[in-house]
Amino acid sequence: MRDGYRSEEPAQLARTSPTKPGLYPVQPHKGALRLRLEEGLGLVLCGLACALLAALVTYNPADPSFNTATGQPPTNLLGTAGALAADSLLQGLGLGAVIPIFLLAAWGWRFLSHRVLGLESWPLLALRLGAIVCLLPVCSALFSAIRLLFTALPAVGWPTQAGIGGGVGKSIAQASIAAGMAAIGPAGGMVIWLLGALLAVMLAALGTGLRRQEWSALGRAFMLVAGLPLRLARRFVRSYANTRPHGEEGAPVGAQNAFYDGTLAGSALFDDEDEDPYATPYAGQHRAGGARETAGPAAANATAALAGQGAAQATGQTMGQNIGQIRPGALAGGVGGIGGATGTALVLHNPDSPTAGPALPAMQPDPARIGPYGDDAAPAARLPENTLRGTTPAGGALGPSTGQPVSGGAFAAAAGGEKPAKPGLLGRLFSAGAPQPAPAAAPARGGPQAHKAGWELPPITLLKPAPAHSRLGPSPEALNATARLLEQVLADYGVQGRIVGMSAGPVVTLYELEPAPGIRSARIIGLADDVARSLSVLSVRIATVPGRNVMGIEVPNQTRETVYLSELLGEAAWREDPGQLPLALGKDIAGEAIFSDLARMPHLLVAGTTGSGKSVGVNAMILSLLYRFSPDECRLIMIDPKVLELSIYDGIPHLLTPVVTEPPKAVNALKWVVREMDRRYRTMAHLQVRNIAGYNARAAEARADGEVVVRRVQTGFDPETGNPVFEEQSVTLDPMPYIVVIIDEMADLMMTAGKEIDACVQRLAQKARAAGIHVIMATQRPSVDVITGTIKANFPTRISFQVISKFDSRTILGEQGAEQLLGQGDMLFMQGGGRITRVHGPFVADNEVEQVVGFLKEQGEPIYDDDVLAEPAEEAASGSGGRNSGNDSAEADMYSEAVAIVTQEGKASTSFIQRHLSIGYNRAAKLIEQMEKEGVISRADHVGRRKVLVGPNRED
């Protein structure tokens, strides 16, 4: 028998080898070191798979990651690394994140079973790696396409905004389905999906390296697990029904033993009348009281063989104390040849003896009980020495293919339901949206850098956080119903067409209408009010979609979502934005965050009526700058004629001057900005740079190298020769910060000093971009006398909140539509090229602004520049000379005329003098000041009124 077995051993090895003749060399004699290395690598891969599974199962959207800035400690089981890995995978691949787990486990299994993966052939290994790289986006796209193709499916609470297929899968699915529909028709999307599924199966087979038998085993295991709950329930009900009529005392002893023994061992609940051909018999099971009488004859033969050779003392309580190794095929049917299932040979090894014991005779396999791998593909399972040593626990049984002991307590718990089963990966992922409470910690700082030159940027925790599940958009059924209703409403007005696309956003839903040939766009746009009335909504905006043969119909959602600034500042796009002056504007109609660079605009014109969210939008823009830049990098000049809007920022270190509330001082501030612009241009010209970024870089290099930059200045002429005389002066290379001028209400300034304001704004809009000076100008009255043609020509980037009429919309945007906005932050954003995007601005409460301002004030006092509000020297000199000397007859005549008007009418104010004499605000204010000094009028009281002290109409 021993010689016969040895003669058959090479055939057995050749049969179980996974290689094919001529493809890889068969290596039946691998070195021990290589075997251990393969096993170690397999364990590492399996450990990585388990770690990745644990990270995904314990994923929490509130944990710190590349998309979430928080100071709370991570709740992920693997800490920060697990939170980063899980968030990246779920954001990018969605449900496809489980594919790497499967791949790692498959490769680990192959190494543990000593099955090659093509490592001997580098081209094949590269092919497998390429298949894995292609498999991940394909699977993610398949998952994401399910929501696009089957819109009637119920919404799934996925923890990430990218959806069930992740960002990568969503992009690929949308492009592929659109291409398929364009090429084939409505069924093109399903055809593309089926082709993608076939491609995924082929890539998975190539990437994992599993054989056909192993795939078949995985399929059978999946079907067995899928049908396990039904089998458990059916067997439990049947067993309970059979035992109930007898009662506890009248039940037969044999029936009770069979029921309880089956419950403990798991056989009474796992077996069914229709025996599974792949089910594994658990032979040789033992109870604590003694040996089972149901042990098969093969077990008795095994015991006798063990006793005859002296390898072990097999009794009714011991199944062999020194089982060392089971050869290939021994575990193909479960426990192996001991239970009479199937197997080639079982070799018993005594650790005290240098020679192995004799082998048991090989038994013919039973076709009904062949294991999941068959007789050829049985893995070379190895059992530790103490696996079956000692008394087997009550109800203990070996698993069908793992060769590891399975305790009866596990089956008892599964049968009795004492311990509820833990939710699977999908259940944990779908319920992972709720943030786990975590202890308070140091707040995380926003922005790409937490400290810049000793300056600490405000933390994002000062802002109100967005709810974990803030998306309350309409369901697919509601979208389809509204689309059909919209088609019917348009048909009632004589517009034929069909809805070809829908996109639900936080505030409105965009329906893409493909009109019938011959229907003009203006006709559809003119039906906006009628469509809104028919749909029973507040307003509907209809506009053309650039580059497509569709009309966009924007219908408000029944439940409006709130966009939070903290949500925008926590986006990865914000942290990675390379813009020079990025602004967080809000979200578009698809729910995507919208950011824009003020340096590329280069100036911004904002309009909107009272209550439209204009002031809140300006506050969000200001906070965007404060969350990104230190005072050394960006300085602000705020002009607020309404006094109350921007006064909350007074005292922050970023200000160049206190918040300007008086129109004369606003004119002086704008004139100073113009002079600063000219000074910067002269300095940049000396350094031969073209913009502020180039100057700061050049200046930094010069300061680092200790270079002194000089310039030649003409100081006069030589009296003897008449040649010009020059002298060299050193140029200071201080860094130039960006300057942002924020004007909250342009209409008030234009009423008081329209010509001077218009001239300053025009110069800044035309030239200030390269000098790093930018203007944000807001007004609630976008009329032609406020937003002049000069201003419109130099402000190509504009934002319009809700306005009163379509004429105001045309003034600010050049087309109507802003009058149909919903207010409360709903805006139309027109970029430089004329492209208009609907954006929903973030909400910023007053207490949030106060907290940010308080945080900034704690870091230092502002350094004001007195020259900003000072009157230009030439104007002050001319004004004072006219008042004091009296040599200028024109000034004297004007003053006399002003005094005559005041004494005759009995009124005295700057605007009164300005209207009657048709002069500017500055000259009228100087006349009022001179009359006050000479005692013609009194000082202004608490309401700004002055009394006339001379003349017949004086006030006593």
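Glycine too: its Cβ is placed from the backbone N, Cα and C atoms.
In TrEMBL, annotation is done automatically, which means it is predicted and not curated.
Looking at 55-76, 275-296, 715-736, the stretch flagged in TrEMBL as region 'Disordered' turns out to be 275-296. The region 'Disordered' annotation in TrEMBL falls on one of the ranges 349-380, 381-412, 445-476, 861-892, namely 349-380.
By a simple count of nearby Cβ atoms, those within 10 Å, the most crowded of the binding-site residues Thr610, Ser612, Ser615 is Ser612. Residues 75-78, 81-83, 85-87, 89-90, 97-98, 100-102, 104-105, 107-113, 159, 425, 428-429, 432 of the same chain sit 6 or more residues outside the transmembrane segment (40-59) yet have a Cβ under 8 Å from a Cβ within it. Secondary structure at Thr610 (ATP binding site), as computed by DSSP, is coil. Neighbour counts were taken as the number of other C-beta atoms within 10 angstroms of each residue's C-beta; across the binding-site residues Gly608, Gly613, the minimum falls on Gly613. The ATP site is set by Gly608, Thr609, Thr610, Gly611, Ser612, Gly613, Lys614, Ser615; from the centre of their CB atoms, other residues of the chain with a CB within 8 Å are Gln780, Phe801, Gln802, Gly823.
For the binding-site residues shown (Thr609, Gly611, Lys614), fewest C-beta neighbours within 10 angstroms: Gly611.
Looking only at the domain 'FtsK' (591-810), the predicted model's pLDDT averages out at 87.
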